Amino acid sequence: MASAALLGGHERKHKVTVVGSGNWGSTISKIVAENTRANNTIFEEDVQMWVYEEEVTIPKDSKFYDETVGDKPQKLTSIINKYHENVKYLPGITLPSNVIANPSLRDAVKDSTILVFNLPHQFINNACKEIRGHILPYARGISCVKGVNVSDEGISLFSEWIGDGLGIYCGALSGANIATEIANEKWSETTIAYDPPPMDNSRAPTPRSSSPNISITSLAEAGHRDARGRASKTKLTPVPAEYPPLDHDCFRVLFHRPYFHVQMVSDVAGVSLGGALKNIVALAAGFVDGRGWGDNAKAAIMRIGLMEMVKFGKEFFGETVQTATFTESSAGVADLITSCSGGRNFRCARKAVEKGMTVQEVEHEDLNGQMLQGTSTAYEVNSFLKKRGLESNYPLFTAVNGILRGERTVDEIPSLV
Ligand SMILES: NC(=O)C1=CN([C@@H]2O[C@H](COP(=O)(O)OP(=O)(O)OC[C@H]3O[C@@H](n4cnc5c(N)ncnc54)[C@H](O)[C@@H]3O)[C@@H](O)[C@H]2O)C=CC1
Ligand SMILES: O=C(CO)COP(=O)(O)O
């Protein structure tokens with residue numbers, strides 16, 4: 001367990017911003033704000049939460065529905081700051097009063113040393129463009145985004161994309177974390193992967209297998225190694241000594257709650273890939289469940305899906321990915337199980353099959369603006385595999401892509417995998 005006392009006694013405190021305010025973004029803001037308040041010698045109490053501004057009508061069944069206002073739309077940031085509830089994306093949950101909803105992204109990230117990225121992956125690119133050059137050069141990031149970024153150059157993790165785009169180091173948080181359960185303070189676990197260059201780790205430098213015996217100074221000068229163990233082109237600015245060190249202890253204090261148990265690891269690629277790829281498998285689980293095939297079929301999907309996840313990680317993210325991250329951590333098998341039991345990707349895919357709709361139609365009809373990540377991840381992973389002639393090596397991922405595109409049917413799954 002981290003010792004908050006160990007982190008105290010510094011001249012400056014860390015300021016935290018959560019970039020995003022959806023179902024998970026609001027939940028993580030709640031967790032973080034509870035911890036900044038409880039550890040106000042380390043962190044500034046107020047947590048900025050960037051909200052993509054929209055006009056929202058408070059639902060009639062909300063306790064904040066006001067007859068005098070009626071159905072007149074109001075700014076979501078004003079509602080959150082007045083009632084301390086995100087009535088659209090996390091209804092019924094009180095946010096701590098030190099969560100400050102901010103519609104200006106640049107203003108929200110100003111002077112923050114810790115940036116927690118928690119947006120649907122479709123919006124990360126624009127958010128990074130908007131804040132590049134407007135953040136502290138020595139800020140550090142944690143990506144809670146579940147997805148991968150596919151471009152002509154290949155595939156990258158959002159932690160890499162954010163880190164390289166902003167010139168900072170970025171780790172990843174992922175786990176069996178259905179947001180609403182955690183917002184209701186039902187116990188769960190999560191995994192945070194954070195493997196910063198040794199220059200940040202003033203107490204206990206983590207030796208890296210790929211870079212033994214390299215001194216702290218030479219790493220700081222030469223850049224650092226990325227999640228795949230490659231030399232990174234990003235030249236990092238060290239966190240000034242006036243701040244508590246930004247390391248595993250610090251992040252554990254920031255995220256750990258009695259109802260949200262944190263395991264700190266160093267495998268950023270494994271943690272990020274677990275969160276992204278399980279969404280493809282969850283769609284497949286929804287397809288077979290919607291077809292009425294029962295628990296055995298769903299277990300088969302999870303087994304095959306887990307094998308493809310590990311294979312993908314090993315094949316494309318090199319030696320740094322550890323099989324144990326997939327098979328033992330919350331970010332691996334546990335997230336796979338919870339997502340295939342009650343996640344949004346699973347539920348929308350199941351209903352799509354039951355009702356003869358597309359997954360996208362169910363998403364628009366049922367999710368009130370929340371967004372699935374599995375559909376775009378399935379397309380992106382497929383385009384990456386197809387370009388390399390490797391579709392047949394990943395039959396489940398390929399089948400999900402085919403079903404989403406209407407080129408395959410659910411009934412074909414047993415013969416395809
Ligand atoms: N909801 C959950 O249970 C969990 C979600 N995650 C991951 O967290 C990430 C964030 O998801 P959620 O917070 O659940 O989001 P969400 O799906 O609940 O909400 C959508 C969000 O996108 C925002 N948005 C809409 N248009 C936008 C635009 N043009 N630019 C920027 N933002 C825009 C909305 O304001 C809203 O905050 C995703 O990668 C998801 O996979 C991870 C664990 C649990
Ligand atoms: O990632 C999640 C749980 O860990 C949530 O998954 P869904 O986006 O499918 O709801």
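Quick reminder: no glycine exception, Cβ is built from N, Cα and C everywhere.
Pulled from TrEMBL:
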DOMAIN    15-195  domain 'Glycerol-3-phosphate dehydrogenase NAD-dependent N-terminal'
BINDING   Gly20, Ser21, Gly22, Asn23, Trp24, Gly25, Phe123, Ala179, Arg344, Gln373  NAD(+) binding site
BINDING   Lys146, Arg344, Asn345  substrate binding site
REGION    191-214  region 'Disordered'
COMPBIAS  203-214  compositional bias 'Polar residues'
ACT_SITE  Lys278  active site, proton acceptor
Candidate nearest Asn345 (substrate binding site) in space, where candidates are the recorded positions Gly20, Gly22, Trp24, Phe123, Lys278 and distance is Cα-Cα: Lys278
Rounded to the nearest Å - Cα separation of Gly20 (NAD(+) binding site) and Lys146 (substrate binding site): 13
Where the C-beta lies under 6 angstroms from ligand 1, the matching recorded positions among Trp24, Lys278, Arg344, Asn345: Trp24
Fewest Cβ neighbours within 10 Å, where candidates are the binding-site residues Trp24, Phe123: Phe123
Largest inter-residue Cα distance among Lys146, Arg344, Asn345 [record-listed substrate binders, Å]: 13
Binding-site residues listed as Gly20, Gly22, least Cβ neighbours within 10 Å: Gly22
Which binding-site residues sit within 10 Å of the residue listed as 'active site, proton acceptor' - Cα, from Gly22, Trp24, Phe123, Lys146, Arg344: Lys146
Residue pair Lys146 (substrate binding site), Trp24 (NAD(+) binding site) - Cα distance, angstrom, rounded: 11
Spatial neighbours, same chain, of Arg344 (NAD(+) binding site) - Cβ under 8 Å, 6+ residues apart: Glu363, Leu367, Gln370, Leu372
